[in-house]
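Working notes, beginning with the structure itself.
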Amino acid sequence: MNAIWIAVAAVSLLGLAFGAILGYASRRFAVEDDPVVEKIDKILPQSQCAQCGYPGCRPYAEAISCNGEKINRCAPGGEAVMLKIAELLNVEPQPLDGEAQELTPARMVAVIDENNCIGCTKCIQACPVDAIVGATRAMHTVMSDLCTGCNLCVDPCPTHCISLQPVAETPDSWKWDLNTIPVRIIPVEHHA
């Protein structure tokens, strides 16, 4: 019994010593990140879709900050992300890449043709935001609220049953411009 307590104490002391060494090393050799890169990375939608030409949102943020890359290449983020980055960097907003005539493209979402889906799960594996649900050899479906329209699920589909379609506008998804709606404050009379 005494040997067990000695072993427990020895392992605990070793864990404490190695933890202290790692804690000291993490502070001593810490690498400071560029705060601008961090801010740009927080603005980007984190869909890791690679439509901008970079393998993910973090490398794209680094390219914008360090290499002067265009701020208009994020397709899932669209105009809203581009405008936030332009405001952060204090630069002129640019038309979205490849869409010089239209600044606000329609939001696209993946749609699966349920009659042709064979349940191979290749689209589920390709989706960077887990917007597709389903099981092997069962029909899959896309959760449109989570879909970023990154187009990464379309190519892996062996039956070509996935397509991108614009999201239909509903009163809930419509972007109301509340500044143009006339509002009048009606005074309320208090009766005692």
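A Cβ is built for glycine as well, from the same backbone N, Cα and C atoms used for every other residue.
Spatially close to CYS74 ([4Fe-4S] cluster 1 binding site) yet at least six residues away along the chain are LEU44, PRO45, GLN51, CYS52, CYS57, TYR60, VAL81, MET82, judged by Cβ distances under 8 angstroms. The [4Fe-4S] cluster 1 binding site annotation in Swiss-Prot covers CYS49, CYS52, CYS57, CYS74 and is backed by sequence analysis.
CYS157 ([4Fe-4S] cluster 2 binding site) has a Cβ environment of 21 other Cβ atoms inside 10 Å. Annotation comment: Swiss-Prot describes CYS117, CYS120, CYS123, CYS157 as [4Fe-4S] cluster 2 binding site, evidence class sequence analysis.
What Swiss-Prot records for CYS127, CYS147, CYS150, CYS153 is [4Fe-4S] cluster 3 binding site, and it gives sequence analysis as the kind of evidence. In the three-state DSSP classification, CYS153 ([4Fe-4S] cluster 3 binding site) falls within coil.
Annotated domain '4Fe-4S' per Swiss-Prot: 32-91, in sequence order, evidence recorded as sequence analysis.
Using a Cβ-Cβ cut-off under 8 Å and counting only residues 6 or more beyond its ends in the same chain, the domain '4Fe-4S ferredoxin-type 1' (108-137) has close neighbours at 47-49, 143-144, 146-167. As annotated by Swiss-Prot, domain '4Fe-4S ferredoxin-type 1' applies to 108-137, with the evidence given as sequence analysis.
The annotation domain '4Fe-4S ferredoxin-type 2' is assigned in Swiss-Prot to 138-167 on the grounds of sequence analysis. Among residues of the same chain six or more beyond the domain '4Fe-4S ferredoxin-type 2' (138-167), those with a C-beta under 8 A of the stretch's C-beta atoms are 45, 47, 49-51, 75-76, 106-132, 173.
Per Swiss-Prot, the feature region 'Hydrophobic' maps to 1-26; the stated evidence is sequence analysis. Counting residue by residue with DSSP, the region 'Hydrophobic' (1-26) contains 25 helix, 0 strand, 1 coil.
Cα spacing between CYS117 ([4Fe-4S] cluster 2 binding site) and CYS153 ([4Fe-4S] cluster 3 binding site): 13 Å, rounded to the nearest whole number.
Distance between Cα atoms for CYS123 ([4Fe-4S] cluster 2 binding site) and CYS153 ([4Fe-4S] cluster 3 binding site): 5 Å, as a whole number.
Cβ atoms under 8 Å from those of the region 'Hydrophobic' (1-26) belong to no residue of the same chain, restricted to positions at least 6 beyond its ends. With DSSP states grouped into helix (H, G, I), strand (E, B) and coil, the domain '4Fe-4S' (32-91) comes out at 32 helix, 0 strand, 28 coil. The binding-site residues under consideration are CYS52, CYS120, CYS123, CYS147. Their Cβ neighbour counts within 10 Å are lowest for CYS120. Per Cα geometry, CYS49 is the residue among the binding-site residues CYS49, CYS120, CYS157 nearest to CYS150 ([4Fe-4S] cluster 3 binding site).
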